[in-house]
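Listed in TrEMBL for this protein:
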- 121-447: domain 'SLC26A/SulP transporter' (DOMAIN)
- 539-633: domain 'STAS' (DOMAIN)
- 122-143: transmembrane segment (TRANSMEM)
- 149-167: transmembrane segment (TRANSMEM)
- 188-213: transmembrane segment (TRANSMEM)
- 219-237: transmembrane segment (TRANSMEM)
- 311-334: transmembrane segment (TRANSMEM)
- 378-400: transmembrane segment (TRANSMEM)
- 412-429: transmembrane segment (TRANSMEM)
- 449-470: transmembrane segment (TRANSMEM)
- 491-518: transmembrane segment (TRANSMEM)
Amino acid sequence: MTKFKLNGDSNIGSQVTLTSFMVGGMDDAGQVNLGYEASEEYTKDKNVCIGCQKKNTGNSAILNLPDETFLTRRGPYRSKPKFKEWLTDKAKNGCTKKVLCKRVPILAWLPTYSLDTAVCDLVAGITVGLTVIPQAIAYANIAGLPPQIGLYSSFMACFVYAIFGSCKDSPIGPTAISGLLTRENIHGLGAPAATILCFLSGCVVFLMGIFQFGFLIDFISGPVSVGFTSAAAIIIATTQMKDILGLPYPGGDFVVVWEQIIQHISEASFYDTALGVTTILVLLSLRSIKNIQFGSSENEKKPMHVFLNKLIWLISTARNIILVCVTAGLAYYFDVNGSQPFRLTGYIKPGLPEVKPPSFEVNMGNKTQSFIEVTSTLGSGLLVVPLLTILENIALAKVFSEGKAIDATQEMLALGVCNIASSFVQSMPVSGALSRGAVNNASGFLTPWFSYIPKASLAGVIIAAVVFMVELQVVKPMWKTKKSDLIPAAATFLGCLLLRLEVGIVLGISINVIFLLYQSARPSVHVEKLTTSLGCDYLLITPDRSLAFPSVEYVRSIVSKAGIKQGSSSTPVVIDAKHIQAADFTAAKGIKSLIDDFHKRSQPIFFFNLKPSVSSIFQGVGPKEFVHCNTYEELNRLLQLHCKNGICKTKNESSHEIIDLNL
């Protein structure tokens, strides 16, 4: 029920002033409008106007209106639209030019595309394309796939993302994490299974975008993300250690790889190890030279200084392709002279891939696995891979957004289409990659020369890149801010490292959910004993969050104990509900039991700052005495009335007791 009073005389035309809350608005004369017109239709309804109860108490009157009537819109009653009307409205609203430009962003920026921007994009594409070639081959190696699969994964997605992507700087292609996820989830089924995983991941991501399931990413907290990324980086580096040492033994698990290394360390190749270590050191050095600047200030920089700064930047950016070309040339020199001290990448299929739908069957020797069997083998990867690729891409888009809001739904739609399109060119799953901005789709014509790339140099490229993914720098801030965040971070890290990536992610999310449930079930309840200006003692109890079924019994116990021990079973208790934004049926039943407990021992309990929506939920279970107010004047008057032991009550038809505060 909604409570308000009439001030002045009790005639029908009296001005209305609300004591608790107000719904509706003021009319042109400055009078309160109750939210409906006094038309003949309404005056005939006894429950709306004539049925409004009025209790005279001197110069005031209490009116109790049903909430559903009080909240009626102005004018004639408006029923909810039917499903067909709702669907028609949605279709009309979704076919506007604004929505079309939002879902196909190229339509918005292409008309303003200039020649200067095209030149800048061409330079960026060539520069970063030089980085893509060795990275793509290396990431295919991480996934346990043929080298050309990495190149196939590098060119289709970037074209599609240019049409549907919402972040102009976010690159799409193979990444170290997507390669590792592919390796763990295809279970040795090879490139056809990786293509199927790419297609199905794209479908899942696209559907998540349509149904706006991006909120699932919110359950992957910062500590869980840090633990996952750091563990993935260490696993990726570990898988490359065998190539650094020149060991031919396969393996992708952290523990298995180190067992093999320890068992076969005596078989390590000196030349591969020397080349791998040198590659890492050179790459780290070239990475750091980009901070070198010639000319102390802009005014003192000469044309030569500008040229040298750009040259250093280019060398630092293209360091991977430069080093790979040098080591490939060295390997080629040894090969033409009849000796080969390095393990080489080997044959890479030349040319661009054939554009065709992915094959939904996998041939393993003499056995053919159907689509259902392959899907069953992929298992949890059909959910884990899409979720983590979305997380990686949205996190990357935020880096390039320059503080602007990212449309997560559009990013999911774009990433889904990118994976679906890439599966038509035999790609593995793709996502955003921080170290790239575009790809060179002509790289496939150079593949015969890539066969001379030493595996040790590719391993060095990977290790030099992923070493910066281990986020040790966040441990100290976590310790200073909230130490408990280290628990899900450590659990995720160890679970990913020692078990599987998806197991570590689920473990970290589960711990976070447990923390959230515990906080929901055990809210902080502040109890303070105060005295009014007139000398009336009372207990002010303030829960710090909304009431729901896990927490209501705990709050009830705290309030009851405080009322008995600190309030001596007689001091009034005031529950400040300013933080209670919502409640449920179980909470309402718990509050009813709490009010009954106080009523049995004749101890007053008042609710202060209670939201109308919460008040209606509490009143729905029919408590014996439910006294609430929204202003300090009302609260002081209630306490004063208790001290004088002269509380007057008026009962409405629903047996809810309402206190008139103007006696």
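Just so you know, the numbers here start at 1 and follow the chain as drawn.
Cβ coordinates are placed from backbone N, Cα and C, and glycine is handled just like the others.
Bear in mind that TrEMBL entries carry predicted annotations, made automatically and left uncurated.
The transmembrane segment (311-334) shares the most Cβ pairs under 8 Å with 449-470, out of the stretches 122-143, 149-167, 219-237, 412-429, 449-470. In terms of DSSP helix, strand and coil, the domain 'STAS' (539-633) has 40 helix, 17 strand, 38 coil. The stretch from 188-213, 219-237, 491-518 with the most CB pairs below 8 A to the transmembrane segment (412-429) is 188-213. Counted as Cβ pairs under 8 Å, contacts with the transmembrane segment (378-400) are highest for 188-213 among 149-167, 188-213, 219-237, 449-470, 491-518.
Sequence-distant residue pairs (6 or more apart) of the transmembrane segment (219-237) and the transmembrane segment (188-213) include fewer than 3 whose Cβ atoms are under 8 Å, leaving the two stretches without contact. Tallying C-beta pairs under 8 angstroms between the transmembrane segment (149-167) and each of 122-143, 188-213, 449-470 places 122-143 first.
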